[in-house]
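First comes the structure, then the notes that go with it.
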């Protein structure tokens, strides 16, 4: 009976991706709670109710439409200040995120790349937030800050429309940061901090960790070498690989990396045995050819 062995480095890379996704979901949930902070204020005093609530009054019951006025006022009050649990946007959004997480796990088990899955998921989450959490229209300050204690009027605590707009955009910003900056805005600073790029590099290296690549030997022969012979931690290999020109951009785009060039680069910097066995002049030409071929695709 055959057994399937999973490389520990691949597991670590996958766990790092899942932790990054969980942190993004937590950040989005916190922003949703901030956006709904104005729904959790203190009870509004009767003397400071909105103008449309003035229709609720006591009389002798002779008015034929007294019941209708009361029902209209009561219904509008419930619409403004109460929300059913089934209609709570945060409750529905939590269920949506749970389904998204299950879908991500299924896609990763089927062999799809995490960077591709996450970029698609981010777009779906942004669309969901934009549709289900639109910015509320601006209201007058009298409708939001009519709370008093004794004779003193409390200070305005409800965020302005511009503040609410910036808060609602935090979810989009968090999701965009987690998936990496757009290709047109790619810069060296982003390359150093983009965890999704490191995860993609680690994933591709882990897949070919034991594969042997051909290098020119000093003895006019062929030198076979692989990542295992480096005797290095996968995280250290990834950090060194990011210094190879063009590798971070390829990883960001989800393209295939020139792994032979990456291996040669890392081995020249960290393996004395490799330095003694390889023909450095021919190696430089091979590495440059690999880079040109992969970056031009």
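The first residue you see is number 1, and the count goes up from there.
Using the three backbone atoms N, Cα and C, a Cβ is placed for every residue, glycine included.
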Between 44-87, 88-131, 132-175, I'd like to know which one Swiss-Prot lists as region 'Disordered'.
132-175
Identify the motif 'Nuclear localization signal' range according to Swiss-Prot, selecting from 203-206, 207-210, 211-214.
211-214
Distance from residue 210 (phosphoserine) back to residue 271 (phosphoserine), taken between C-alpha atoms, in Å:
17
Neighbour-count leader, CB within 10 A, modified residues: 210, 271:
271
